[in-house]
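According to Swiss-Prot, the features are:
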BINDING   Gly40, Glu41, Asn42, Gly43, Ala44, Gly45, Lys46, Ser47  ATP binding site
DOMAIN    8-245  domain 'ABC transporter 1'
DOMAIN    255-500  domain 'ABC transporter 2'
Amino acid sequence: MGERTPMLKMVGVSKSFPGVKALDNVSLMAYGGEVTALMGENGAGKSTLMKILSGVYKKDEGKIFIEGREVEVKGIKSAEEAGITIIHQELSVLNNLTVSENIFLGNEKHSKFTGRINKKLLDERSKMFLEQIGCDIDPNRLVSTLNVGEKQMIEIAKALTKNARIIIMDEPTTALTDVETENLFKVIENLRKKGIAIIYISHRMEEIFKICHRVEVLRDGKYTGSAEIKDIDNDKLIAMMVGRTIEDQFPYRDVKKGDLALEVKNLSCKEGVKGASFTLRKGEILGIAGLMGSGRTELAKTIFGEYKKTSGEISLNGSLININCISDAINNGICYLSEDRKKEGCILGMSVGENMTLCNLKKYENKFKSLDKKEEAKDIEYYIKKINIKTPNKEQFIKNLSGGNQQKVILAKWLMLSPEVLIIDEPTRGIDVGAKKEIYELLNELKASGKAIIMISSDLPEVLGISDRIMVMSEGRISGELNRDEANQESIMKLAVGINN
């Protein structure tokens, strides 16, 4: 028997963005009638590869073959013409339209005589495609009346109208109930039986082993291998995903821990945190790891007062505190550096100095209620020198600085308030290697001075490299905690995907 021809074959695909090589000579195969899992840590390159396949990005190098024939994917339309469709985690249905209007959006059927949309034909065809995936939804229903699982069925039916041969599903069960998830699996089985190749992206191990036939793994923008699901287990798959040792690039500093600074008990919020409890000491960096959507940022924003807690208590230095808004957190000495520094951390149209003193203007008010510019300038210059911010002057627009220097300005903004607890979310995202090390040194200095630090990061070597303890979150809950000496990438990944033993 000859070798099977894959439905999809990607060979030597590379893609660079300014300063970053997102994909480096990546290959991928998927077969018709099979579900292929695409696995990798956050930042491994999964999304970039799928955006190239679906026409969102253009590849720099490489080839794409469908059923042995090379195709050139120049955009979303050409991808769809080649039979490639992606169903994003954030569904793109329009709530104010009916089911059939959504299914045929952009591909409406018009009457030959009037030129108007043939609603009857639209409904009939929609019903046919829905029946093909075993779905009984009235084509006339408004999409706003459907649940998330039903909306997902609309997206799948829409893919079938475009004669999709390859369907990419990106974290499809994230917002689904158990019942909706089982329904989706039945639909995937129907699609598989029709000979469609499914590429399934998920961090939920139990799903991968339940519905997938093969797995393809990326790590740090490179292809690390593939395997038949029947030939591997959890441990082997996790080893393929992480597989690297920590280099000596993290200047960890061991300092004596002080008194209890922060205690969180049974904290929950409607944005996705469920009963979180943990402690943090002075002179300690607590790393928080977890996959995208695990609730790490939501936990930080609840402690910071951006999200309102629905239950739980927060204590600072042994005393219960009430945090109902951001100003409550700041007044109690809790500060938060957002993962998105350009949208939430700084004001790009303002100067370095203006950004730095933005949260502390009252300090510079004189008796006439105007700003003491001399005193303000003195503090700005102090922090520019102290944390080595590379800027021509304090008047420079922050948007003109590098990512690392922008991050230092935001850090200086909070340090001016002398916080007790500093929460820093993705501290080195989009920052070059040299600047990363400077940020780590700064965090170590703050730790040595007695600050209590929470560091959220998707970069496992970073978490392992500079944290004193590591807390892992999965689906809104704290799934485990590891001491620095016992933690490694595999033990963190197991907790991140919900494997506790």
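The backbone N, Cα and C atoms fix where each Cβ goes, and this holds for glycine too.
Sequence-distant contacts of Gly40 (ATP binding site), defined as residues of its own chain at least six apart whose C-beta falls under 8 angstroms from its C-beta, comprise Lys46, Val217, Leu218, Arg219, Met241. Listed in sequence order, Ala22, Leu23, Val26, Leu218, Asp220, Gly221, Lys222 are the same-chain residues at least 6 apart in sequence whose CB falls under 8 Å from the CB of Gly45 (ATP binding site). For Lys46 (ATP binding site), the count of additional Cβ atoms within 10 Å of its Cβ stands at 20 [all protein chains shown].
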